[in-house]
Amino acid sequence: MTPKEFKRLYRIITILLEQGIDELVPARYQPWPGRLARRSLFWLKKKQPDLSRGARIRLAFEALGPIFIKFGQMLSTRRDLLPPDIAEELAMLQDRVPPFCGQAARLKIEESLGCPVETLFDDFDETPLASASIAQVHTGRLKENGREIVIKVIRPDIEPVIEADLRLMQTLARLVARFVPQSARLRPIEVVEEYRKTILDELNLMREAANAIQLRRNFTGSDALYVPEVFTEHCREHVLVMERIYGIPVSDIPALEANGTNMKLLAERGVEVFFTQVFRDSFFHADMHPGNIFVSYEHPDNPLWIGIDCGIVGTLNREDKRYLAENFLAFFNRDYRRVAELHVESGWVPPDTKVDEFEFAIRTVLEPIFEKPLSEISFGHVLLNLFNTARRFNMAVQPQLVLLQKTLLYVEGLGRQLYPQLDLWQTAKPYLENWMHEQVGPKAVWNAIKEKAPFWAEKLPELPELVYETLRQTRHQQRHFDQMFADFRRHSRRQGQARYLLGVGASLLLVGVFLLTQKQHIEWGQISLAGAGLCWLLGWFKARSH
């Protein structure tokens, strides 16, 4: 560890102790090295002892800086790991970072694009439109067509800072995992590694550009979601150029109402967008918090969502989608047996899981929830309770489902802020049932045939030759197998004879030794020993023969 890293580690420990984070672990569970280290830092006193544990954790993350703030934001979505009071506090973390100077942004853009800013853009504004811990956004116009754009640029020299903090976070996670056995349920090493992958992905803006292009293509012509156009010819690893949009932040409800927005339809559109992404496209925006969603000023009676910042996306394979849709339908029909069976069939829980016990555990957790009217039930919290129950039965971590549950909580929370009477189940059920019908009905079979038709048309001329070759190889393999079986039987017979001869030889040896001790039977003893030697010699030859 370098002196600079050691200084940073001391700073982290100081902040954690001043916020009393060490007291969150009961003394009886604290390992002796931890207690000793705490006593050795006796001059560090807790600053705000009256605050709740969630507030103290939030303040610690805020004091540790932007990388830890983003980590806290990520943790706030892992409600399968954290108590609700801590998760709610961490959700209040704001990525407030002073902008870096516009001249530095200009130099970074020119370094990435390999030419002066004025060559490509007009009206480049060095005053940032927005600033965050990883990047900041400037505005301008494309020189070739005059279109308004935003230019997102990664902060200069941010990578070494992130790498250093990540190394320290990994060190702390390993120490916690080693010395605090009760932390196993929180899986600190795994959580930090997940965060590491997420934040390193955010440093590559070409990935975000590709995600935005995919999402825009999926919703071309849609009246539910609009994704700004990306100008790929001007995008690089540290620079993203895309269309500038104008809209009302989705969380600004007074502005939406003043614009005459149909709030009920807007809330339902959010649900439609989410389930369309998941079940039609298998590709969903996984960071749909209010800061990334706007509503178009145009057509307030037919509101259009606008999505930005596609740095984090999720994907589902066909099997995940099928099991997920069946799970939704099963637990809203209170068919807990089917929910348990689906978890086993999907491989989300081990195959030796006792379905009866799993069903009982699910029923115990979900049945009280479903005593409420469906319109009052939180879809996201049902999923959360289901995953927490499954985790007790050794459910493997499913990153795609964690992202899905986080996004669903965002969408549901937004929907009910916009229209408190939103019945998420009634809005979502048609999408689920329609998707299931398309996957398992006659239409699905016909679509599968059509999808595979070109492949079989290409392979059809080769079919007779393939059949002949298969039959020839089968006949050859049968002859080879028969020969191997005959050789095996011969070998087994020889081995049996060898064991028999060795056994007889051992018996004759014992008899011979006994007779040699009797003076009147020495000749018979010699004959027995000779017989034993002969039997062993024959047995040895039999055993060596193949």
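Each Cβ is built from the backbone N, Cα and C atoms, and glycine gets one as well.
Around the Cβ of ASP287 (active site, proton acceptor), a 10 Å sphere holds 23 further Cβ atoms from the protein chains shown. In this structure, ASP287 (active site, proton acceptor) belongs to neither helix nor strand by DSSP; it is coil. What Swiss-Prot records for ASP287 is active site, proton acceptor, and it gives sequence analysis as the kind of evidence.
Annotated ATP binding site per Swiss-Prot: LEU129, ALA130, SER131, ALA132, SER133, ILE134, ALA135, GLN136, VAL137, LYS152, in sequence order. Less than 8 angstroms from the CB of LEU129 (ATP binding site) sit VAL137, HIS138, THR139, VAL150, each of them six or more residues away in the same chain.
Here Swiss-Prot flags 123-501 as domain 'Protein kinase'.
Same-chain neighbours of the transmembrane segment (496-516): 522, 524-529, 531-536, 538-540, 542-543, counting only residues six or more beyond its ends whose CB sits under 8 Å from a CB of the stretch. As annotated by Swiss-Prot, transmembrane segment applies to 496-516 (among others).
Positions annotated as transmembrane segment by Swiss-Prot: 521-541 (among others).
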Inquiry  = Please give the maximum pairwise Cα distance, in Å and rounded to a whole number, for the ATP-binding set LEU129, ALA130, SER131, ALA132, SER133, ILE134, ALA135, GLN136, VAL137, LYS152.
reply    = 14
Request  = Around the Cβ of SER131 (ATP binding site), how many other Cβ atoms lie within 10 Å? Please give the count over every shown protein chain.
outcome  = 18
Message = Just to verify: the residue among ALA135, VAL137 with the fewest other Cβ atoms within 10 Å, which of the binding-site residues is it?
response = VAL137
Cα-Cα distance linking ASP287 (active site, proton acceptor) and SER133 (ATP binding site), given in Å to the nearest integer = 16
Task = For ALA135 (ATP binding site) and ASP287 (active site, proton acceptor), determine the Cα separation and express it in whole Å.
result = 16
Ask   = Where does LEU129 (ATP binding site) sit in the DSSP three-state scheme?
value = coil
